[in-house]
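Record features, source Swiss-Prot:
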- 115: active site, proton donor (ACT_SITE)
- 19, 20: phosphoenolpyruvate binding site (BINDING)
- 91, 307, 329: UDP-N-acetyl-alpha-D-glucosamine binding site (BINDING)
- 115: 2-(S-cysteinyl)pyruvic acid O-phosphothioketal (MOD_RES)
């Protein structure tokens, strides 16, 4: 990708459906005994990989652009046509273990993968599945789980997570919907994607209360039906475009968004000196020319999202002053620091804390995005750099941003790609 310095952006950017919601909702569809219709599903390589994984389990999929019909009548326990590598490439593939275990009383799923941004163990998932009455073992790179009750059903339980894990909360939330009795989950993650999942499951006939808080109660039911559901807007994509406006000192409007999902980001941008106005599901951002350096510490929702740490660091390199950026969610999420330094940024890295001495003019060069969000940060930094930058590692970008370059070009950026990963709009 070649990115030319953008003096000013102006206009409106449409936010796609949430990647992280889409993936878990696709897995949740496995719980239904009828078709599930999802709309606002983004065209992303992660979604395509997840689609192929579901098809390999006997699921029939029909896609028309951003709409997806998932039919589970042919669902089988084990993937027959896809290698473990396909599962390893997508961490969200592990979401399938909960629905399979809930419906069939057993499941066999390869160990998950995803971006290399530190250890994201599945210990919490496994311990919670055991608490629901499953025997869980790791055999030759597979997680094998079986319900041990005579009825081959999971049994409701009170489970307290050791940490606020989004993946574990979602996995056990799905598994418990078809369990016998009531499950109470404590110290649960509170991310909006969990609320999105619970809302769809309730429309399918589940009985879930408390999603979005630190305690969720699930009353098990005998079956879940199909439904039609619209994926919520992607809060991380929206936040990325807010940072794009700030880093280029440009006015932009962004929609659709759920402002409550972005409160921590909006507060930090306002602290920087950006004027942000609300109108329904639309945000308008008008940055001041002279922004101020601010500190951030990543936290689980409702704190500042780790997925926007890299884009925000790129912004801080363009602001005069010293900012301290602390990463507390993942232990290996500073891969972008070296690339920003190659562009002329002054950053001192001490473990998971970066001290950014901002105000230097970034210079265009060749950089590589090592993961999804650092790749987005490289694009944003290049918009503010003098000259033309070349960005490698676009396979990461295509995992989580739909039409990223096209959306930015529509508001005045000058970005060209020499190669793109083809995404089929119909299947």
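Counting begins at 1 with the first residue displayed.
Even glycines carry a Cβ here, placed using N, Cα and C.
Feature map: Swiss-Prot annotations on the structure.
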residue	record	contacts (Cβ under 8 Å, 6+ apart)
19	phosphoenolpyruvate binding site	42, 44, 46, 47, 234, 236, 237, 399, 400
20	phosphoenolpyruvate binding site	92, 166, 193, 234, 236
307	UDP-N-acetyl-alpha-D-glucosamine binding site	236, 239, 372, 373
329	UDP-N-acetyl-alpha-D-glucosamine binding site	298, 299, 300, 306
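Comment: UDP-N-acetyl-alpha-D-glucosamine site residues 91, 307, 329; largest CA to CA distance 17 Å, whole number. If you draw a 10 Å sphere around the CB of residue 91 (UDP-N-acetyl-alpha-D-glucosamine binding site), it holds 18 other CB atoms from the protein chains shown. DSSP assigns residue 329 (UDP-N-acetyl-alpha-D-glucosamine binding site) to coil, not to a helix or a strand.
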